[in-house]
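A short write-up of the structure that comes next.
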Amino acid sequence: MTDTTQIRVWDPLVRFFHWSLVSAFTIAYITEDDFLTVHSWAGYFILALLGIRIIWGFIGSRYARFSDFIYSPATIIQFLKDTFKFRAKRYLGHNPAGGAMVILLMISLLMTTITGVFLLGADDHSGPLAFLFIQSADIWEDILEEVHEFFANFTLLLVFIHIAGVLLESLIHRENLVSAMINGFKPEKESPEKAKPKNKA
């Protein structure tokens, strides 16, 4: 790579959020019911991370803001078509597909953690929502467990798709996106972001 000019894209909070979320989700997923205390605290940590990230999505640095990476469905579909033809445009921040993946992951993780807190109250009669399940909660327990496991597995599927997308984009644009999420810098190449399309239906 001949580019020497680097620009900071990912601020420290975004990078902390990303790698902390990776660690916490991994811990939560592999512990499950075998280590309930560890599993629960990993879930609480994920919920706290998501809350911080949502706030940062409105007040954070340029590339951290939702306004920078939420695109219309038509733009996302066109970007995916271009990607599979190996001619997708390069974005300094999240590209349209990457932005959509961020939103999907956050929604899925919110559903996973929120149902987990409810399930902890229904199944173990502990946690902040235990008071809601003073009486028998067998029916709710079964429903919550199914929903919780579905979103946990759906999140894992999204993670694999996300990793594949990162590897594909790294290949297309010949840059190390993993390294960029570690040190925060990316080469300042030509980018379509100044002419970013508005979010029209």
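Cβ coordinates come from backbone N, Cα and C, glycine included.
All TrEMBL annotations are machine predictions without curation.
Per TrEMBL, domain 'Cytochrome b561 bacterial/Ni-hydrogenase' is recorded for 9-184.
Here TrEMBL flags 12-30 (among others) as transmembrane segment.
Under the heading transmembrane segment, TrEMBL lists 42-59 (among others).
Beyond the ends of the transmembrane segment (97-122), by six or more residues, the same chain brings 21, 25, 40, 43-44, 46-47, 50, 53-54, 66, 68-71, 76, 79-80, 83, 91, 128-133, 137, 140-141, 144-145, 147-148, 151-152, 154-155, 158-159, 161-162, 165, 169 to within a C-beta distance below 8 angstroms of the stretch. The transmembrane segment annotation in TrEMBL covers 97-122 (among others).
What TrEMBL lists as transmembrane segment is 150-172 (among others).
The domain 'Cytochrome b561 bacterial/Ni-hydrogenase' (9-184) scores a mean pLDDT of 91 in the predicted structure.
The stretches the transmembrane segment (42-59) and the transmembrane segment (150-172) are not in mutual contact, being linked by fewer than three Cβ pairs under 8 Å (pairs 6 or more apart in sequence). Only residues 6 or more beyond the boundaries of the transmembrane segment (12-30), in the same chain, are considered here, and those with a CB under 8 A from a CB of the stretch are 38-39, 42-43, 45-46, 49, 52-53, 56, 60-61, 63-64, 109, 152, 155-156, 159, 181-182, 184.
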